[in-house]
Every structure is written in C-alpha cells, then in structure tokens.
Amino acid sequence: MSGLFETLGRRALFTFDAEQAHGLSITGLKTGIVTCRTPEDPALSVKVAGLKFPNPLGMAAGYDKNAEVPDALLKLGFGFAEVGTLTPRPQSGNPRPRIFRLVDDKAVINRLGFNNEGHEAAFKRLSRRAGKSGIVGVNIGANKDAEDRIADYVAGIRRFYLLARYFTVNISSPNTPGLRNLQAREALHELLSRVLEARDEEGNMCTLKRPVFLKIAPDLTDEELDDIAAEADAQKLDGIIVSNTTLSRSGLKNPENSNETGGLSGAPLFERSTVVLARMRERVGPDMPLIGVGGIDSAETALAKIKAGADLVQLYTGLIYRGPGLPGEILRGLSTAIKHEGVSSIAELRDRDTKEWAARKLIS
C-alpha cells in the first residue's frame, strides 16, 4: 500500500498546496475512502503510564489538529492517536504559505502557529466518541496572545479531562514566540506544578488519573536536558515526548524551501531527535516513560527509537511521504524484529542501544 501511494497517491496529492493536500487527506479519512488492514500481534502491546497500548506506534499531534478523525487514524493501525495542539480560543495561526515540502529530504518545514478551532469545537467532537475503545490523547497549548499561558494549559486539562486518555503539554513548538522559554527550569517548575495540580483535582473528582506527558524540543543543550529531567522527576511527571520539530537545517540536500522559517520535521530530524531521546533516557533512568518522535518512516527507524530508549513512538511526516499503508508496514516489520531478536515482547528491546546513541555528536 505504501509503495503504491508513493508512486500514484503522493504524486496526485503533491499537485496541491501542502495545506490543501492535508485537508484532502482528512476528508478521505472522514469518508472512509482511506482504509488499511493491519496486523494484530500481542507481542507488540506495551503498558505505559498505566495505559495498555495495543502497539507502540502512535500518530503524533499536528495532523488531526481539531479532533476530526482520531478513530479513522486508529483504523490505519496506530496504537494511539494524539489530537491537537488545542488552544482555549480558536486561532488562525501564521499567514500562508506556512507549510513547505522538502521532497528530496523527505522533510517538511512548518510555521503553522497552533492554528486550530479551539477547545469548544474539539470538545464537541470528542464527546461524540465518548465510551469508544482506543487510546486518544489530547495535546494542549496556549493562545499566542494569552496573558497567562500556563492558565491556558490548565484550562486544557480541565476541559478535556473526561475525554482524553492522556495529555501532552506542548511547550516546544518554535512557531509561537516565547513558547520554548517555558522549558527553562523556573518556568517549567511553575507550569508543571499548576498543570499537575489541576490534573490531580480533576482526578479526585472522578477517580480517574490521566497521565500527563511533556513534549520537548530537540534543540536543547545538555544542561537544559539536565534541568528538564530533574524537574520531571521532582514533579513525578508521567512521561516525556522527545521531540518536536527542529530549528536546525543541518545536512539538507534540498536548497528549495530550506531557508524558510519554521520547524523542520521528517527524515533529517531522525538523528538529532534520537540522540536527544537517548540522552534523556540516561538522565531519567529506566522507569520514566519516553515517547520517541522524529523521522520515523519505517520499521527500522521505529525500532531504532525503541532501542535508543523509547517506550512508544510517534510519526507524522513519514505518513505524508509513505502514505496510509505505512503504519501496517511498520507493525509487520516490528513483529518480524521481535522474532529475529528472540524476545517475546517489543518492550524487551528498549534501551539496547541507548549508550551508543547518547554518545553521538550533534551537528548544529
């Protein structure tokens, strides 16, 4: 399926502007035109932060920004889907054009700026799937013009508490001015304190404890990673997602669009994000869940993330270039890898290559 998409489907979609093509793909999922049969393998199931995932492969936030097609994404084979980023009030994001394909690099640069329809629209959609099976997480953010950005994250926790299976606190988008400053130790302490307090208050009212993950940037120094790891441990955070898009343009082949402002995702992000993942694993130890994101476009790259220290992995840009058959292809490859490695579960392969990845040098 992914091979057919690369020769025919992608060619057709790429005749459209990137944002139009994205809209068409959402429509295709809504109408049921896009379907894929995917394998189920008990050896791929993994328990993370109290949740049992049927497999470790998830759809990253940014694709289904407004919670329109989470169940359709699960039907493609994803073990979980993350909607958002959602802000309390609707916002249009940055001016177009704001998504740029780098085809030779199998990459994308975006400067969308948290464009979304806001909490209310997503709440109505997610309410319609209440009670359905499948793990759907909610990625929460802050409005660009918010006077108290942390209050926006707290509002997201409270609004979606009964509907989200987990939350991701996104403070690492490079496209909202000043947002990444929340990764600094003092700001992060206040953010996590208030967010986790809201989570605990909501949980006490309904006896459900929703995990909260923190999504970080790949452009952090070792000292910044130290601070985040220490704060995550002190606050008893449920997990860390490594990583968001990068500001680095290292190693790009495609001169066209490479100088555009925004975050780079796709194949060129794989090395950097995997090194940062492994370094974070060394800092947080074996018990804290880590979710690896960045450059996953095959079973090999998904497995590399797991061996570098990821409990779960997510992709997005790989789907743009490989098509809706990619999740099934990755899951089949992971099942084969489990047999080849002589283990009974994908979880047994975690951390096999952490030291080697953490020791790699990053090029700015």
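The backbone N, Cα and C atoms fix where each Cβ goes, glycine too.
Predicted, not measured: the structure shown is a model, and the values here were computed from it.
If you draw a 10 Å sphere around the CB of N139 (FMN binding site), it holds 26 other CB atoms from the protein chains shown. The FMN binding site annotation in Swiss-Prot covers A61, G62, Y63, D64, K65, T85, N139, N170, K215, S243, G266, G295, Y316, T317 and is backed by sequence analysis.
The substrate binding site annotation in Swiss-Prot covers K65, N110, R111, L112, G113, F114, N170, N175, N244, T245, and the record cites sequence analysis as its basis. Following the DSSP three-state reduction, the secondary structure of K65 (FMN binding site) is coil. Long-range neighbours of K65 (FMN binding site) (same chain, six or more residues apart, CB within less than 8 Å of its CB): V83, G84, T85, L86, N115, N116, E117.
According to Swiss-Prot, the feature active site, nucleophile maps to S173, an assignment based on sequence analysis. DSSP gives S173 (active site, nucleophile) a coil state; it is part of no helix or strand. Counting every protein chain shown, 24 other Cβ atoms lie within 10 Å of the Cβ of S173 (active site, nucleophile).
Once the Cα atoms of A61, G62, Y63, D64, K65, T85, N139, N170, K215, S243, G266, G295, Y316, T317, the listed binders of FMN, are compared pairwise, the greatest separation found is 20 Å.
Local packing around the Cβ, expressed as the count of other Cβ atoms within 10 angstroms, is greatest for N170 among the binding-site residues N170, N244. Geometry remark: S173 (active site, nucleophile) versus N244 (substrate binding site), CA distance 7 Å. The most densely surrounded of the binding-site residues G113, G266 is G266 (count of other Cβ atoms within 10 A of its Cβ). Cα-Cα distance from N170 (substrate binding site) to G266 (FMN binding site): 19 Å (rounded to the nearest whole number).
Largest Cα to Cα distance within the recorded substrate binders K65, N110, R111, L112, G113, F114, N170, N175, N244, T245: about 16 Å as a whole number.
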